[in-house]
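Enquirer: Here it is, the structure in full.
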Amino acid sequence: EARRQRRLLLVVVCVALLLDNMLYMVIVPIIPDYIAAMRGREGTAGPSASAAVNESGGGNRSLLQARYPPAAGGNEDVQIGVLFASKAMLQLLVNPLSGTLIDRVGYEAPLLAGLAVMFLSTATFAFAENYATLFAARSLQGLGSAFADTAGIALIADRYAEEPARSRALGTALACISFGSLAAPPFGGVLYEFAGKRVPFLVLACVCLLDGLLLLALAPPCAAGARANMPVGTPIHRLMVDPYIAVVAGALATCNIPLAFLEPTIANWMKESMGASEWEVGLTWLPAFFPHVLGVYVTVRLAAAYPHLQWFYGALGMAIIGASSCLVPACRNFGQVIIPLCGICFGIALVDTALLPTLAFLVDVRHVSVYGSVYAIADISYSVAYALGPIVAGQIVHTMGFAQLNLGMGLANVLYAPVLLFLKNVCQMKPSHSERNILLEEGPKGLYDTIKMEERKG
């Protein structure tokens, strides 16, 4: 029964992560026309705005750019960039508080609260009629994500305490994150084209509601009182200064920078450099889902066979990300650009799948086995990249160029990869150190310490 319950909880968490990332990316083909239609209703562009919306369908921005002067188009890009970044910014601010709260009250109640806020955010998106409401809905999603994402990942780490089951469960969650991010733009574009702007958000809101009801049935908030008998987690500020956790957090942020910076810039670069069509721009990231899932699968299998090499899988992933980022500017057509993007997503899968379980292990070995704060730190690392991407990436491309942006991101990943050598000894100590902690509580300390030391020397 307990095993069945934890599997159902894994499904709940995976659906929550899928929804969060779908809502993050579903507005990509919708929001330019959405903002243009709002500007038309406000009288800025007159009848041409509604004509542009009708003709552009699921995200054809070229029609909009033909009907608006350059100043209006630039303002639109700024609005879209700020809208995309607002979610990660609020998530960045709330995560330290959410991690501490999760450590105090448990995982289920914050996850349920996060799903409730995400449902409210999605419904607000569906009925938004002005930019301020869109901004509020996007920020509200960041608040929900700070609780749902952190509590969900921490819940998986807590329920799957043994390896390699923990790596498999976290790998499944990462696959759902990838699928949500990459499938959302086609999903949103098709429904927006044929059913209207509200339907994609209403579908996601219904799924979010069902997921929350399932969680409520599996783990009612009143049953979370057992959390009072659990140990008190290590404060988040102490975890942040742990050098091993800091190295992992830095790797998670660095490896996600290419994805966060390319998402808002690669579409314009493809149109200018290779004359890419709208469908090519819309499908740019979709093929990368398959190497991402492959990377998750390969890392889980390797971690089960060689658990002491987790640091190496992360370093290898960062090297692949670095090399792939440097290759992007050299591509000259749609088929070529798919290859380095697949390499970037494959490398991110290696890094995330190897290092997320390592965070839980570091807490087990060096602190208290309560995971809210440590996965809040991981969420902060992701949020840093995705808060800077929509605002900073465009400015870098404008001042330095698209090629320089990619070379800088690639160099940062290649230079950071050797830093993961710092985790080498920690991962090698994993089996003996965990066993030592358990047996020291039951047997004579001095004798056991002497025996284990002699075994390790031998």
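Cβ atoms are placed via backbone N, Cα and C, with glycine included.
Unlike curated entries, TrEMBL annotations are predicted automatically.
The shown structure was predicted, so the numbers you read here are calculated from the model rather than taken from an experiment.
TrEMBL feature annotations, pasted as is:
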type	residues	note
TRANSMEM	7-31	transmembrane segment
DOMAIN	9-428	domain 'Major facilitator superfamily (MFS) profile'
TRANSMEM	109-128	transmembrane segment
TRANSMEM	169-187	transmembrane segment
TRANSMEM	199-223	transmembrane segment
TRANSMEM	244-262	transmembrane segment
TRANSMEM	282-304	transmembrane segment
TRANSMEM	311-331	transmembrane segment
TRANSMEM	337-362	transmembrane segment
TRANSMEM	374-397	transmembrane segment
TRANSMEM	403-423	transmembrane segment
Enquirer: Should anything in the same chain at least six residues away from the transmembrane segment (109-128) have a Cβ under 8 Å from its Cβ atoms, list it; otherwise answer none.
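Expert: 12-13, 16, 19-20, 23, 27, 98, 101-102, 134, 136-138, 140-141, 143-152, 155, 197-198, 201-202, 204-205, 208-209, 211-212, 215-216, 221, 224, 372.
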Enquirer: If I count Cβ-Cβ pairs under 8 A between the transmembrane segment (199-223) and each of 7-31, 244-262, 337-362, 374-397, which range comes out on top?
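Expert: Looking at each of 7-31, 244-262, 337-362, 374-397 in turn, the most contacts to the transmembrane segment (199-223) are made by 7-31.
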Enquirer: Pairs of Cβ atoms less than 8 Å apart decide it: which stretch in 7-31, 282-304, 337-362, 403-423 has the most with the transmembrane segment (374-397)?
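Expert: Counting Cβ pairs under 8 Å, the winner is 337-362.
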Enquirer: Output the single range from 7-31, 244-262, 337-362, 403-423 maximising the number of Cβ pairs under 8 Å to the transmembrane segment (311-331).
Expert: 337-362
Enquirer: Sort out the residues at least 6 away from either end of the transmembrane segment (282-304), same chain, that have Cβ-Cβ distances under 8 Å to it, and list them.
Expert: 29, 58-59, 163-164, 167-168, 171-172, 174-175, 178-179, 181-183, 185-186, 189, 263, 266-267, 270, 310, 313, 317, 334, 337-338, 341-350, 353-354, 357
Enquirer: Answer yes if the transmembrane segment (169-187) and the transmembrane segment (403-423) have at least three CB pairs under 8 Å among residue pairs 6 or more apart in sequence, and no otherwise.
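Expert: No, the stretches stay apart by this measure.
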Enquirer: Within the same chain, where does the transmembrane segment (337-362) have neighbours whose Cβ lies under 8 angstroms from its own Cβ atoms, ignoring anything closer than 6 residues to its ends? I mean 6 or more beyond.
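Expert: Distal contacts: 153, 157, 163, 166-167, 170-171, 174, 178, 242, 244-245, 248, 251-252, 255-256, 258-259, 262, 266, 270, 274, 284-285, 287-296, 298-300, 303, 310-311, 313-314, 316-321, 323-325, 327-328, 331, 371, 374-375, 377-378, 413, 423, 426-427, 430.
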Enquirer: Can you give me the average pLDDT across the domain 'Major facilitator superfamily (MFS) profile' (9-428), rounded to a whole number?
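Expert: Averaged over the domain 'Major facilitator superfamily (MFS) profile' (9-428), the predicted model reaches a pLDDT of 82.
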